[in-house]
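According to TrEMBL, the features are:
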ACT_SITE  Cys321  active site
ACT_SITE  His380  active site
ACT_SITE  Asp403  active site
BINDING   Asn443, Asp445, Glu492, Glu497  Ca(2+) binding site
COMPBIAS  1-12  compositional bias 'Basic and acidic residues'
DOMAIN    313-406  domain 'Transglutaminase-like'
REGION    1-26  region 'Disordered'
Amino acid sequence: MSETARTNEENKLPLNGRRAIPPNYSNDEENEVPEMEAFGLIPRGFNPRDYLRVVDIYMFKEPQEINKQEHHTDKYYNPRLIVRRGQAFQIQIDFNRPYKPETDQFWLEFLMGRYPQQNKGTYIPILIGNVLKPGQWGAKIIHRENNSIRLSIMSSTTCIIGKFRLYVAVLTPFGILRTRRNSATDTYILFNPWCQLDAVYLDDEKEREEYVLNDVGVVFHGNVEDIKSRSWSYGQFEENILDACLFLMDKAELELSGRGNPVKICRVASAVINSRDENGVIAGSWNNTYDYGVAPSAWTGSVDILLEYYSSKQPVRYGQCWVFAGVFNTFLRCLGIPARLITNYSSAHDNNANLRLDFYLDDEGKVDTRLTKDSVWNYHCWNEAWMTRPDLPVGFGGWQVVDGTPQETSDGMYRCGPASVQAIKHGHVCFQFDAPFVYAEVNGDIFYTRMEKNGTQVVENIDTTHIGQLIVTKEVGGDGMMDITEEYKFREGSDEERLALETAVMYGVKKQSVQDTTYQPQTDVDMDFQAQKAVLGNDFKVTITFRNKSRNSYTATTYLSGNIVFYTGVPKKEFKKHSFSAKLEPSSSSSFDVVIKSSEYVSDLLEQASFHFFVTARINETGKILAMQKAVILEIPTLRIKTKGELVAGKETSVIVEFTNPLKQTLENVTLRLEGPGVLRTIIKQFGRIPMNSTLTWEVKFTPMRPGLRRLIASLNSDALRHVYGELNIQIQKP
């Protein structure tokens, strides 16, 4: 576009004393581009047909053609050209006559948004040259035949991510002739983890296949003693998902010119994934009532959520941490940023970021729920995104924590990250963004404090190893679990760990020293307790073991409190109180069993079948208190999935989902969901009720489109029972 045309357009803009042009944060809006841009008066005899004219542009945009193959974008279910930045791609231009380089002059123009500007990277003119420089915009002719030429085009490694419009411009003596607006030549440009100059470059091919190209993943949940896993369909290549992800950046009002920067994209995305500010994608709900929405446990993947949001523009109900993390992972992988979903077991949700979680006990050693405000989540899911951090000192690039679950505000919005994992490990929490918050999630200490009648606080016990005991993600190339705790923290009790803690405290993480409080631990008696593995609906027992290492006989008044809790550690109701007196013989161990009956818990059970036990014991002879807490999770039965008949692409087959009700009650309002990325879109089926001990069978007919290894994922949801999943890997043959 010539300067005169652009100036004329800008003169028509609404006046605003602060900026010359309005904010430019919609990838969808367009400007009018003239097909004939005259330099002045056009002589009467001028006929544009006498000059070089573009007849057709061929984009090589089919999945099996060169561009999508070389750019690893052949899986996107999208008819347009999709390429990755900093890597050459090809197009062919057919003219009305052979191209003569001596006299003909043409160039390409890529435009984005309503107000394209060259200095903002939203108007990109590309002249035809002889060589392509790596990482810079350019084009060269690689083949000429009859009226056609084939071009190789290189994009910049810092180019904006999104959808560009393409025009071909031809110079004539009297003006510039341009091709007509044609959406078929629109080109999506994404991040390129295969390109060494890109900020998201990842050097391991296996990791790129996992963290960018894998469209299913595994979410680890449950708790440390009893790890559970389930599949999640990311579906980043499914139809309309790429457009939905670009829309999220429009929704977050991220300037187009900032969209080449993964740090900025992650920061705004972590706010727009949740609905707490500006009506983001998912509304969170942690109160076990999910009216007018879908229970968080019922979702099987991200696709339904993103598509519903893209069409309704209203928050989708409802999510909890793994749903926010699953959708965030889809967003990142879809745009080409390597990403993985992380689970932190025993995650501290500390309300004042002082690395100390306080559990207050009353005189008898029971936990005082009025005073106790901090909570320990059984697990919490967040994401890591891979990128360089040019905004931080050298050494803090690599994996960055980003978290879309609304927990605390950061710069006034509910968002978290990106925070460098390396900085968290070494305690350098001064580096942006939100490192102290993540440091506290994986490093807090639990203080059990007894309140005396006169108001003094006596610390009875300090547990330094409970928080952030295990941090995991899915292994590369398999469904197993990979322990990445060492990437976040040094070994408990090592010198490096102390040093990292001192560094974090120096940089402003608040830590109260033990000297501020009176604390004399009980050293000659140890206490531990174990819960039996139990299936939902059955009785089980909790065994409390004391080891008396002294030569004295003691009696311990022992108190067990069983609470039904949300996975966030917040109690719903105390369902079991049991106290007994334990005789502890000198130099020996003794065990005591407490039976938990299903009738005591089943009516109040929450969806993740999660209990939390506190055991406190007072040694009567010394007055010392021992305290311990553990989460216990029941086994929830799974859905069984099997296929019937052979699995061949393009041929109808069927899948059968079965479930047997394990509870001693009828299940009401049962909903089943089934989906498989690249195989079948989500199907939802309602069943009124399933009587106790009876089995439900559901057959679904479908036609797989593409050959290859795929996964089916199903979930069952009902009023009394949630978090029921099943999955099946299937190999679809070529026809």
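Note: Cβ is positioned from N, Cα and C throughout, glycine not excepted.
TrEMBL annotations: computationally assigned, not manually curated.
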Exercise for the section: Sort the active-site residues Cys321, His380, Asp403 by C-alpha distance from Glu492 (Ca(2+) binding site) and give me just the closest. Expected result: His380
Problem - Cβ-centroid neighbourhood (8 Å) of the Ca(2+) site, Asn443, Asp445, Glu492, Glu497 excluded - result: Thr464, Thr465, Ile467, Gly468, Lys489, Gly493, Leu501
Problem - Nonlocal neighbours by CB distance (under 8 Å) for His380 (active site), same chain, sequence gap 6 or more - result: Cys321, Thr343, Asn344, Ser347, His349, Thr405, Glu441
Fill in the blank from the handout: Taking DSSP H, G, I as helix and E, B as strand, the domain 'Transglutaminase-like' (313-406) contains 15 helix, 41 strand, 38 coil
Problem - Neighbour count (Cβ, 10 Å) for Glu497 (Ca(2+) binding site) - result: 17
Completion exercise
Rounded to a whole number of Å, the separation of the Cα atoms of Asp403 (active site) and Asn443 (Ca(2+) binding site) comes to 17
Fill in the blank from the handout: The number of other Cβ atoms within 10 Å of the Cβ of Asn443 (Ca(2+) binding site), counted over all protein chains shown, is 23
Fill in the blank from the handout: Fewest neighbouring Cβ atoms within 10 Å among the recorded positions Asp403, Asp445, Glu492 goes to Glu492
